[in-house]
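Trainee: Please read through the structure below; I'll follow up with questions.
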Amino acid sequence: MFSRPSLCGTVGKLCRCGTSTTGAAAAGGTTTSPAVSALALCEARRYHEVVGDIICPSQVRGIDHIRDPRLNKGLAFTLEERQVLGIHGLQPARFKTQEEQLQLCKIAVNRYTEPLNKYLYLSDLHDRNERLFFRFLSENIEDLMPIVYTPTVGLACQRFGLIYRRPHGLFVTFNDRGHIFDVMKNWPEPNVRAICVTDGERILGLGDLGACGMGIPVGKLALYTALAGIKPHQCLPIVVDVGTNNIDLLEDPLYVGLRQKRVVGREYDDFIDEFMEAVVKRYGQNTLIQFEDFGNHNAFRFLDKYRNNYCTFNDDIQGTAAVAVAGLYASKRITGKSFKDYTFLFAGAGEAAIGIADLVVKAMVAEGVPIEEAYHKIYMVDIDGLLTTTRKVGSLDGHKVNYAKDVEPMADLEQIVSTIKPNVLIGASACAGLFTPKILRTMADNNERPVIFALSNPTSKAECTADEAYQNTDARVIFSSGSPFPPVVVGDKTYYPGQGNNAYIFPGVGLGVICTGTHHIPDDMFLIAAQELANFTEATDIERGSLYPPLASIRDVSMNIAIGVTKCAYDKGLASTYPEPQDKRKWLEDQLYNFNYECSMPVTWTWPRMPYIKTRELVPTKLYGKKSDY
């Protein structure tokens, strides 16, 4: 999705070059066809007609303003622009404003009933008119985010081989090892500041989708622009294709990735090391690298390995953690309790669950709770049951060991909830229906206001629905989900459950990091992001059943988060952009992408009239001859 069309087709070359004859034909030899000679003699156009921030007018022809999505304005070109650029007559006589075009976009996308068709319409719009696409997305985020992001992006990834049309980013395959930098050079943008990369092993809750996971980094980076104003040419989606263990994909004739089992072990690690080095060599040490949807066994490993050497973060770990902790901060305004008064139970012990738990620990420590006590208040369940030091099955590898308790093993979640009596139940298991009515009722029996987060996505993987949560707790639940749910009616009141969407977090963090040139991203920035998001939640939001502000306000949330991240970067000496701006909001706003059309005419200006100065008589000078001739 969201790509630029190639501008170097045969027709374009013929139009530019006309017909020609070879040297042999000119000397009376055999002639070649005009098409062949034109193709042979013409230089191919670059994939992106315009790159970077600065457009050189002498390098852009009039027709390029229609062909290039960065320059195209459709019917919004004025009569003067059409005439001067030489595109008059190539479009109908109608002149439209961008506002009129936005109305038409809304009508067009709403004609489709299937979300995937809406996804394809938006993809086509982005390929035609970049500014219109991003303005349309940013001003209709509540309606369109579920299309370009979860849950529809999951369906797009599953159908990726069917809907693939043109390049969306870079595909770096394992077969390119030793030449990853050469592949990176093929991306024509010289000033990439943010990269979102996946190996497709754990796409949402859908599992291993291999190269089809490209829809995730493409969608994430579209939100970088729509929600935080990061310039689109500064964003690069990448899939590192090391194969897939999904047999169905390997046997699918439409699969577009390497048709082989996943590379693992030392070879895989060396490949990722080379990728990271190539990014820095191509775009610099401060390039933001966002890891997305890597397998649990690699996600934390890579975060720990790279976080102090590169400008990197893992959105599934740290972004999810920040948005969940923001919801917990907001829940304190309802329960009247602090984190030290909560007992937490996590259903799931993967990267998302551990990331949230680690940030909860950091939040408790910030409130003055000793770190050992903070760990003690958090219980965690994986596929083999409660994490304990005494259980005989399952592993306690990596960060899991921090949450293992010296208690008897338990495997049944209903028994665990009854025994531990948690105040907060957080689902990050990708196990649909895990929170049974009995579990929900037990939470309500043990708490006046039970806090229940069903964070797994897409919607089909949620631990419970919003309706189930409200109905089985007498509407006393404080609920949040990872995917959107419709309003819930209980008695005479309607509740609008909030979605704990990572999009509240990562665009703002990205904006602050990019603008400051931060070279490492500490967890402190994500705790700041969580606090800023929670502070943005109004009492009216909580009253209607949401722990988060409306999605329509994410652009304002992103700016507040970016300001907080900017302050943190300078306070901790992590920034490389100097001097430190005094008015950080204005400084950030000055660097944002402009969604509105700009004038396509070359800039002109006048010179002052030159003063009159009488010149000498012009006397011819001989260049050759005798001196006597001068």
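Every residue gets a Cβ built from N, Cα and C, even glycine.
According to TrEMBL, the domain 'Malic enzyme N-terminal' annotation covers 126-307. The active site, proton donor annotation in TrEMBL covers Tyr149. The (S)-malate binding site feature in TrEMBL is assigned to Arg202, Asn457, Asn501. Summarising the annotation, TrEMBL assigns active site, proton acceptor to Lys220. Taken from TrEMBL, the feature divalent metal cation binding site applies to Glu292, Asp293, Asp316. Positions annotated as domain 'Malic enzyme NAD-binding' by TrEMBL: 317-570.
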Trainee: Which whole number is the mean pLDDT over the domain 'Malic enzyme N-terminal' (126-307)?
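Mentor: In the predicted model, the domain 'Malic enzyme N-terminal' (126-307) has a mean pLDDT of 95.
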Trainee: Taking just the CA atoms, what is the gap between Asp316 (divalent metal cation binding site) and Arg202 ((S)-malate binding site) in Å?
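Mentor: With the alpha carbons as reference points, the distance is 10 Å.
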Trainee: What is the interatomic distance between the Cα atoms of Asn457 ((S)-malate binding site) and the residue listed as 'active site, proton donor', given in whole Å?
Mentor: 11
Trainee: Return the residues near Lys220 (active site, proton acceptor), defined as same-chain residues 6+ apart in sequence whose C-beta is under 8 angstroms from its C-beta, sorted by sequence, else 'none'.
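Mentor: Residues satisfying the criterion: Tyr149, Cys196, Pro237, Gln290, Glu292, Asp315, Phe506.
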Trainee: Quick one: give me the count of other CB atoms within 10 A of the CB of Asn501 ((S)-malate binding site).
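Mentor: Within a 10 Å radius of the Cβ of Asn501 ((S)-malate binding site) lie 25 other Cβ atoms.
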Trainee: Could you measure the widest C-alpha to C-alpha distance across Arg202, Asn457, Asn501, the residues recorded as binding (S)-malate, and give it to a whole number of angstrom?
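Mentor: Spelled out: the longest distance between any two Cα atoms in Arg202, Asn457, Asn501 is 18 Å.
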Trainee: Can you give me the same-chain residues 6 or more apart in sequence from Asp293 (divalent metal cation binding site) with a CB-CB distance under 8 Å?
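Mentor: When sequence neighbours closer than 6 are ignored, Asp293 (divalent metal cation binding site) has Thr198, Asp199, Gly200, Glu201, Arg202, Ile203, Leu204, Gly213, Ile216, Asp316 within Cβ distance under 8 Å.
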Trainee: Within 10 angstroms of the C-beta of Asp316 (divalent metal cation binding site), what count of other C-beta atoms is obtained when all protein chains are considered?
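Mentor: There are 26 such Cβ atoms around Asp316 (divalent metal cation binding site).
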